[in-house]
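What Swiss-Prot records for this protein:
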ACT_SITE  Glu251  active site, proton donor
BINDING   His65, Cys96, Cys99  Zn(2+) 1 binding site
CROSSLNK  Lys52  ubiquitin cross-link
CROSSLNK  Lys234  ubiquitin cross-link
CROSSLNK  Lys334  ubiquitin cross-link
CROSSLNK  Lys352  ubiquitin cross-link
CROSSLNK  Lys355  ubiquitin cross-link
CROSSLNK  Lys358  ubiquitin cross-link
DISULFID  Cys280-Cys283  disulfide bond
DOMAIN    29-137  domain 'CMP/dCMP-type deaminase 1'
DOMAIN    174-321  domain 'CMP/dCMP-type deaminase 2'
Amino acid sequence: MKPHFRNTVERMYRDTFSYNFYNRPILSRRNTVWLCYEVKTKGPSRPRLDAKIFRGQVYSQPEHHAEMCFLSWFCGNQLPAYKCFQITWFVSWTPCPDCVAKLAEFLAEHPNVTLTISAARLYYYWERDYRRALCRLSQAGARVKIMDDEEFAYCWENFVYSEGQPFMPWYKFDDNYAFLHRTLKEILRNPMEAMYPHIFYFHFKNLRKAYGRNESWLCFTMEVVKHHSPVSWKRGVFRNQVDPETHCHAERCFLSWFCDDILSPNTNYEVTWYTSWSPCPECAGEVAEFLARHSNVNLTIFTARLYYFWDTDYQEGLRSLSQEGASVEIMGYKDFKYCWENFVYNDDEPFKPWKGLKYNFLFLDSKLQEILE
């Protein structure tokens, strides 16, 4: 992946930023994509390794796009694979489908990299292929969000020749943000079909000490009961959303979608979750309240790991789920294998258990039984 040119600058002028990052949802003549990036190592201090700006033309060949220029630069630096890197982009437009495909490949090949994309605007958000591309980015593990006022101010301070002037939001800035935020949330609110292998192995590995697993992933199956027999109906994958208003965990994402689009009082449901983490106290409480109100829903939760199982609030959350009829269990080998076969783009590769899977299962299962006694 070698673009024919690289167009990088340290900072941009104020008028350039205001023109190209103007967050009006529909704009013409903004044919240059600006990508401000930061690369940090993960850790307590998280030192910033580099921060610059790439430019690219939206109507040129994909290899000339700003996203591809960044990937060429990053891969060309041959940064050590044993270190974990946190990449943040502030972009004037969200990536096109071609760039998204390359980004998904990049993230699959670099499990030590996390990518957050904060966009000023959504590119062709009404077109099906572009909406699917945003969902694919999320499936690949990237975080996608709309730039808010704090992020605009941060870019102004760090990527603009501001000459000491503060960032001043323009007319209808808040209205534009609210519209784009709602639109992106609607695009990403529906469940994904599956996840990529590196996502599954990283987030569902049942380690005793699972450092860096700061996201919750939830695979679900849903059966409706007809003529006293369950009939398979729906399945999918949720992950926690980057939402400055709600910080929506995967469990809340499921409940929101289920209540708005699926739930009927005249239908009985058998729902099974396979989660990377057990629910936090707030989510456990909401799920317990939901089950108390809807006796037509039976829920079984298989979890790869117990979240803060030594904390009494988290223990009480698990007990509240059990008291409202939810079955809470630890994922074992057959459950991981089932998820691999049904919720992962596995290319017909078999599930490969990791060292310590059975031992960790026994440890977590004993802890769960102690909590639920």
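Quick reminder: no glycine exception, Cβ is built from N, Cα and C everywhere.
Note on the domain 'CMP/dCMP-type deaminase 2' (174-321): DSSP counts are 59 helix, 37 strand, 52 coil. The Cβ of Lys352 has fewer other Cβ atoms within 10 Å than any other of the recorded positions Lys52, Cys96, Lys352. When each of the recorded positions Cys99, Cys280, Cys283 is scored by how many other Cβ atoms sit within 10 Å of its Cβ, Cys280 comes out lowest. Using Cα positions, the member of the recorded positions His65, Cys96, Cys99, Glu251 nearest to Lys355 (ubiquitin cross-link) is identified as Glu251. Counting only residues at least six positions away in the same chain, the Cβ atoms of Gly332, Tyr333 sit under 8 Å from the Cβ of Lys358 (ubiquitin cross-link). Around Glu251 (active site, proton donor), the C-beta neighbours below 8 angstroms that are at least 6 residues distant in the chain are Ser216, Leu218, Trp273, Thr275, Pro279, Cys283, Glu286, Val287. The Cβ neighbour count for Lys334 (ubiquitin cross-link), using a 10 Å radius and every protein chain shown, is 10. When secondary structure is read from DSSP and collapsed to three states, Lys52 (ubiquitin cross-link) falls in the strand class.
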